[in-house]
Amino acid sequence: MLPPELHPPPYRPYTSPSPNFNSVYSPKRNPSPSYPNGNTTTNRRSQHNSRFNPTSFVHNARIAVALVPSAAFLLDLGGTPVVAALTLGLMVAYVLDSLNFKSGSFFAVWFTIISAQIVFCFSSSLFTSFNSVILGLLGCCVCGFASFLIGVWASLQFKWIQIEFPTIVLAFERILFACTPVIGSVLFSWATVSAVGMMNASYYYMVFNCVFYWLYSIPRVSSFKMKQEVSYHGGEVPDDSLVLGQLESCLHSLHLLFFPLMFHIVSHSAILFSSASTVCDLFLLFFVPFLFLLYASTRGALWWVTKSEHQLRSIRIVNGAVALVIVVVCLEVRVVFHSFARYIQVPWPLNYVLVTVTMLGGAAGAGAYEMNMIADASSSLAFTGLAVFVSAAGAIVVGFPVLFIPLPAVAGFYLARFFTKKNLSSYFAFVVLGSLMVTWFVVHNFWDLNIWMAGMSLKSFCKFIVADVILAMAVPGLALLPQKLHYLTEVGLIGHALLLCHIENRFYTYSGIYYYSFDDEVMYPSYMVVLTTFVGLALVRRLSVDHRIGPKAVWVLTCLYSSKLVMLFITSKAALWASAILLLAVSPPLLLYKDRSRTAPKMKPWQGYSHAAVIALSVWFCRETIFEALQWWNGRSPSGGLLLGVCVLLTGLACVPIVALHFSHVMSAKRSLVLVIATGVLFIVMQPPVPSSWTYHSELIKAARQSSDDISIYGFITSKPTWPSWLLMSAILLSLAAVTSIIPIRYIVELRMIFSIAMGIALGVYISAEYFLQATVLHILIVTTTVCTSVFVVFTHLPSASSTKVLPWVFALLVALFPVTYLLEGQVRVKSILADSGVGDLGEEDSKLTALLAVEGARTSLLGLYAAIFMLIALEIKYELASLMREKFNEKGGGGIRHSQSGQSSDSGSSFPKMRFMQQRRASTVPAFTIKRMAAEGAWMPAVGNVATIMCFAICLILNVNLTGGSNRAIFLLAPILLLLNQDSDFVAGFGDKQRYFPVTIVISGYLILTSVYSIWEEIWQGNVGWGMQVGGPNWLFAVKNLALLILTFPSHILFNQFVWSYKKRNDSVPLLTIPLNLPPLLITDVVKVRILGLLGIIYSLIQYLISRQQYMSGLKYI
């Protein structure tokens, strides 16, 4: 009796109305209705139109398999310009999306892709690489179409497009599935050919075609069709619910069959019929995809031909038999007799007969079993006889002794019996006999060769290979054992993976065996490492899905197979095992704790500590591999600080899964993890001197340190003392620990004081040792300055009961230290330089010039230090005042709410829970100091902030003159510092938040006017004692002309600054009337600053007009 899903719909019993629509379309699960005359329905769209269902695109992972590597390949071809264009465009799209401007984000994504493609066409070297205009244009078209597909894929992620334009979304989905296999196979083949050469490009193209045909051309249900539609069709998937139609499926099949063959004909036209091997290439490139297409038809690939299972079965059997014969014969010529002729021990012509019988018989048996043709006693008998005959013929071919020919025949018999009777003991009998045959073959062909390979004899390799093959043969049988014995399968798989890793590590990384004989063929190529890795990972996943192995075995096998990829980048023999240990230490939080309850922590605290300790030990054990990776990346040996920093950073990153997945509710774990990662980053950036005992204990690292290559290449380099970097790192880590509340300075005043003093001392000593090492006397003043700054900032942010009385005096001391330190630094440095040079007060001019330059440089550094200090103080005070105003506003609002609700009923007590929560949170977080008291005793803050802001701005102006000679553009970067000014009744009366932009504009205008006058004066003065010009002379005309042009710019600036101060509306025509006055200064002046003033006056006038106009329109709307 057939199962219910194979019955035709009129006779089918009840089936579940909701099958898995993520599965592929199959005629077995979706048969067409049968009619009495035996005809089936034609392939047409179902008359029931499936309804559109907006949802997330469920095929993202499938599309990403092709488009993500393609995008990476396009970025590699385009280079930095394309990456820059994409980065800027995607940043704009992200900002628009975060502002909920969905349509703008959508168009920004498309504009970014189009811009990147345009940049790609101009920046890539396709035309020079191909050395052909036609091929270059074709390559640009392929890359452009790939970019278009990426844009289509990105468009499907916008939910609003699905809601507003459902037909476009369905078209986008069909375009993706119709075009991705074509473009993806081309780009993947292109990348492969670029890496390994053009020799077998047609076969690469054929393989990628088959892979993408399987991923995208097998019929699949649309992501946007309602899944409930299946109940309306008796459990069948209607045709219009499929992504691809008949036309696209037909074109995909033709593309699979003919494009690799056509590509081979075009690229190898000169040698198509030069030998039997080249002729066989033509047949293989057609019939191998044809066999794959017939196999894919078991998953519905030929649904566009017919939906009749009987007809499809006939097509598979007839066409498959013909294709199988041709493929087997071609493989004999192309592979067997070409590469393995030395192992064929039968003379001609019997060798061709027996090899053909063996290969064709084996292929026929496998095909018959796959097509379910072994169903009765007669077919089972024929299958068993074929297996016995093929095994015996194969044994004769490889030279197996005639006396022992029954041994392979019996092995074939047991293998056939296993497939026909499902007898597990028969399979193990086959494994035993097959192991004997494999052992005989290896011993017979290789055992007597006295060859050393990869540092060991060939006999040792033979032992490893035989053991690996025996394990590979035994694992399928072990996997079929009962559930209690699955640990045997796990042991066999792990043993096989260990042997494979050891063999590949020896063959691939040993320096003496990269080339075989005198040919330039790599003995163990890179693609074999990649192939065995992904085949192993796929096997592990399949066995895990079938519950043949447990999670621990999956964890170990995944780490072992993944670690093999390290060999592709690091050629050290220990790299594979070190990476395997590191993966085994990092991956348990991801792989071993999946099945536990989500309501409770998945990992206990002691387990978390244990895993973290194991990770740290594993990273330390792998330090040599990390050292080699850094050496490979930098091209030279890394420093001790860099090596230690990378180890600490890797430890922190490896602990991220532990904290994120299992201890996300523990704040201390998060804070500690942030501190560890920050420590690693600081070690990498600062690279402080590290004792050799911290990073060495390794002969490899010591040998690299003692190498003389750096000296021979770079010479002797005078090293700068780097110990002060430890102080800076300590200060940064202390700050981070305080911010993350690891150090509870928020609640303990004494600890806050100790923290601020320690921070100040660390920063002061670092600055003194790094920038003022020669001026020893100034170290006390600099340390005092940094300590005062640290105390002021910390206690301003976290005030105490007496801090408001002390902080103004701390700031006063800080201001007083500035001129003292500045003047004392120059005197001390001049005396030390002159004393060291042995020159007195009347020494040589060169010595005096050197001393003056040193003083100016040191004083410039000192000015930069104080500018940064005053900037920090101004920022802190501005932040605290803004927070204070916000707290006052919230308190006033909360009091009004409480007063308005005091007379209401008791049920109103549940209102405003967020307000009460925020009040409780404020009451618990403000340490020993209230907002009202801060307002009463903190009236000094605006004045101090304004003084700090003005001093910072003045120092920056001095630095601008010293460093750039008074740059015109610097004022536009320095003037925004004045935005830190506060409302202060003591110094600036009437200044408030409304006038916050007035200082910026007035300073820009005043600075440009004064420097313009100075430039004119400097031009006409020319260093003469007198006036340096005559009335009517060229200098006089220059001064009069440029001063007059300068005066013409005044009206626009005066009007705009008045407007910025008061924001009073004037006549709209007044700002526009001043624009013509700025045109002569913009066009005919000789002074650049006057031209800038003219341009700025035009901009000011336009801004004033637009703001006034907007205020007028807003007033009309209000009225």
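Note that the numbers count up from 1, one per residue, in the order the chain is shown.
Glycine too: its Cβ is placed from the backbone N, Cα and C atoms.
Within the set 256-276, 970-990, the record from TrEMBL flags 256-276 under the feature transmembrane segment. Packing against the transmembrane segment (175-196) from elsewhere in the chain are residues 59, 63, 66-67, 69-70, 73-74, 139, 142, 145-146, 149, 152-153, 156, 204-205, 208-209, 211-213, 215-217, 220, 243-244, 248, 251-252, 255, 527: each is 6 or more residues past its ends and has a CB under 8 Å from a CB in it. Sequence-distant neighbours of the transmembrane segment (751-769) (same chain, 6+ residues past either end, Cβ-Cβ under 8 Å): 721, 723-725, 727-728, 730-731, 734-735, 738, 743-745, 778-779, 782-791, 793-795, 798, 800, 865. Counting residues 6+ beyond its ends, the transmembrane segment (552-570) has Cβ neighbours under 8 Å at 489-490, 493-494, 497-498, 501, 504-505, 508-509, 526, 529-530, 532-533, 536-537, 540, 544, 576-577, 579-580, 583-584, 587-588, 591-592, 625, 628-629, 632 in the same chain.
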